[in-house]
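*Asks:* If you scroll down you'll find the structure; I have some questions about it.
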Amino acid sequence: MSWLEKILEKSNIVSSRKASIPEGVWTKCTSCEQVLYYAELERNLEVCPKCDHHMRMKARRRLETFLDQGERVELGEELEPQDKLKFKDSKRYKERLAAAQKASGEKDALVVMKGAVLGVPVVACAFEFSFMGGSMGSVVGARFVRAVEAAIEHNCGLICFSASGGARMQEALMSLMQMAKTSAALERLSDKGLPFISVMTDPTMGGVSASLAMLGDINIGEPKALIGFAGRRVIEQTVREELPEGFQRSEFLLEHGAIDMIVDRRDMRQRVASLLAKMTGQASPLVVSVNDAPNEVPYAVPEANKKG
């Protein structure tokens, strides 16, 4: 103990100024655990600038950063889930829906928008994984069919960003029926000669991967995305064999021909726009910086609290 500490009590030795860091300014990469400035991460489309790990992205933000500004019209937002079976497990289905809606800010697990990407008309939809694991229920199926119908009506392509754990067990057979319903809708789109591009993000599993996600004219995976039907442990217990490392990652699927390409999220707008233009006989879109988000806004660093 120093001579000063002997004279003064520690309780009386305080800092003249107490600084505080506002919430939401910093975050940590879920892969490399690097501490990141959140505004920089947002500008980088939530891809870690240190290790290129693709973090999970909110459905609405994904569509807003993918589609051109001023061209977006949401479809099917009036559709809301209903508890027709009065389902109850450890909680009532109604309670789970209310909690998911509050946590995610969405009415259900799929967001659909009509717009354009680099000037190429498209209908785009994205799964919201934070809404009950992106599970597919009646509203998800209905909104996806609405997206297909809009693509047919406007004679344009359809793209879907999948992020789902599969069918929603609380809706039982009505949920499983959405696998057939969405697949039949995509058949109608194909009959019209219109393209469907499926982008599988982390994770795309269960009934979604077994239906609409794998039915693209072109199937794209984001880097290191988990894509499959059943989980690794379930499969190993069934076949009683040890499976290869990373066998459900997009790189493994590309190597074995299950998907067509892997595209970095920052390159997605340019790549998809070029594919859609070629598949619909339109002029190739202008090449732009892949880091330009269409709704980029300046970010001011909040001042630290000066009260001490």
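Any Cβ shown, glycine's included, is placed from N, Cα and C.
These figures come from a predicted structure and were not determined experimentally.
From Swiss-Prot, here are the annotated features:
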type    : residues                   : note
DOMAIN  : 25-294                     : domain 'CoA carboxyltransferase N-terminal'
BINDING : CYS29, CYS32, CYS48, CYS51 : Zn(2+) binding site
ZN_FING : 29-51                      : zinc finger
*Asks:* Taking the recorded Zn(2+) site as CYS29, CYS32, CYS48, CYS51, identify the other residues of that chain whose CB atom sits within 8 Å of the mean position of the site's CB atoms, giving them in sequence order.
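*Replies:* Same chain, not in CYS29, CYS32, CYS48, CYS51, Cβ within 8 Å: THR30, SER31, GLU33, GLN34, LEU36, PRO49, LYS50, ASP52, HIS53.
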*Asks:* So for CYS48 (Zn(2+) binding site), how many other CB atoms are inside 10 Å of its CB?
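*Replies:* A 10 Å sphere around the Cβ of CYS48 (Zn(2+) binding site) contains 20 other Cβ atoms.
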*Asks:* Count the residues of the zinc finger (29-51) that DSSP assigns to helix (H, G, I), to strand (E, B) and to coil, and report the three numbers in that order.
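*Replies:* Split into helix, strand and coil, the zinc finger (29-51) gives 6 helix, 4 strand, 13 coil.
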*Asks:* Give me the count of other Cβ atoms within 10 A of the Cβ belonging to CYS51 (Zn(2+) binding site).
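*Replies:* So the Cβ neighbour count for CYS51 (Zn(2+) binding site) comes to 11.
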*Asks:* Please give me the CB contact count at 10 A for CYS32 (Zn(2+) binding site), counting all chains in the structure.
*Replies:* 12
*Asks:* CB neighbours of CYS29 (Zn(2+) binding site) within 10 A?
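*Replies:* If we count other Cβ atoms within 10 Å of CYS29 (Zn(2+) binding site), we arrive at 18.
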*Asks:* Averaged over the whole of the zinc finger (29-51), what is the pLDDT?
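*Replies:* So the average pLDDT across the zinc finger (29-51) works out to 93.
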